[in-house]
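To start, the structure itself, in structure tokens.
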């Protein structure tokens, strides 16, 4: 490190915050690669008496630097809180596990008794969980109360490793007469899916002391939701349940409602964008009506809830004296339904708790496709049953053919809206309209476009116009989820759209990328374009796109330059950003 760099580092460290047993290097943007780089940080740690909290967020720590920092921590037995989120920016994923192992060993050697461990926004993936697995199983974590692992990309494998480590920690600590009493668990945006969530649910059942669980955006469907619900039932101290942007459907919502009936301490419920639908909302309303006396906030926004179900939810709030917010935005109440909802709450003197209904869909518009929606709901509920019976059907089919019968597409009956008579239809719901999807994109609508969705979207888009291609790309990528079926549908649509565009001689690739950066808020523009709010989907779609043969490699340096620049919107999607950066470095 050059002498001027050392002087700059020393100046930065001089501004280090020290308060109440806490040593903070938060947001200093320190690049600690070698032992020499970390020399002054180590001195600060060594000279700090009674160190209880160490903040390393917003810096980047390499393997060698982590090793010497860990050595300094070996003498800090009073350390209780490790705020170590976002401290591996720009590191290869292979660097992170050994760095975490070293830091963990330092804490174990010190005999620390941790209360809080925050490793959020470190894109370490499943392998990274192995980096702190030994720490979680050690006596240093027998006293752990808060574990925060938001946006780490753990995946199913990482979720299982984490669950096993927590279970082992509880077993070992119980043997010493002081069972692990974890209170706060945060693991949003980790691609846990059903298997990862189910494994963690088993650990939660063993622990039984949880007060807050935050697991939004994990691609969890009703089997995983049901497992979590059963685990929550044996955690009677739960106050906050945040499962935003997973997929409950009616089955998951009903299971969760049964658990809510048994809990008395719940204050905050966030099931927004969870597709609980009307029947699920009614079940939750019934659970709330009979309990949850301390409820302060309920979020059921964007859940495809209709008017009557929404009114049932509102009516369940009658005796909730502590209620501060009820969010039913983005459902299908219609103008009249919104007015009725407000009237119900006004009758309870609770009008002020109702969140905005600005994104509500008109009920009349919804009724036009009501039969199609109901059919889709029935189909989704039958999916699991069909999967379970698939093997039996495959065994029966050869026998039927042997009897001279032709294989046919399974059909079922629904009522004809005009005659009221049963009308045979294919078991799959009618495909959604491409223009409807592009106007109001959602994962469900994309899947309902069917196997030709990618071709249809590409055909619908004028690929000679970069602005229109940007618009289509952002709408498709906005519905990206880590759930396998949605992820593949998004990637296929992106491939069809962008291959058609980039292969066109009239398409201006540079203009496309420039306009894309503008719409993502990464490049300023004179036309004052409103940047999209969430970059996770577009970043994940870009990560896929830049690896394809059709992508002009000459665009990679420009994209890399803008994704590398500091940006608050990018920082909130650190896993997706880190993954894209790793890919771009290889292009």
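Using the three backbone atoms N, Cα and C, a Cβ is placed for every residue, glycine included.
Some features that Swiss-Prot has for this protein:
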MOD_RES   2  N-acetylalanine
MOD_RES   24  phosphoserine
REPEAT    292-319  repeat 'LRR 5'
MOD_RES   301  phosphoserine
REGION    357-430  region 'Disordered'
MOD_RES   358  phosphoserine
COMPBIAS  400-410  compositional bias 'Polar residues'
MOD_RES   409  phosphothreonine
MOD_RES   428  phosphoserine
MOD_RES   435  phosphoserine
MOD_RES   436  phosphothreonine
MOD_RES   442  phosphoserine
MOTIF     523-526  motif 'SUMO conjugation'
MOD_RES   524  N6-acetyllysine
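Shown on the structure are the features that Swiss-Prot records.
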residue : record           : Cβ contacts under 8 Å, 6 or more apart
301     : phosphoserine    : 272, 273, 327, 328, 329, 330, 331, 355
358     : phosphoserine    : 329
435     : phosphoserine    : 460
436     : phosphothreonine : 445
442     : phosphoserine    : 479
524     : N6-acetyllysine  : 518
Taking DSSP as the reference, which of helix, strand or coil describes residue 436 (phosphothreonine)? helix
Tell me, what is the mean pLDDT of the repeat 'LRR 5' (292-319)? 96
Could you tell me how many residues in the motif 'SUMO conjugation' (523-526) are helical, how many are strand and how many are coil under DSSP? 0 helix, 0 strand, 4 coil
Could you put numbers on the helix, strand and coil content of the repeat 'LRR 5' (292-319), residue by residue per DSSP? 9 helix, 4 strand, 15 coil
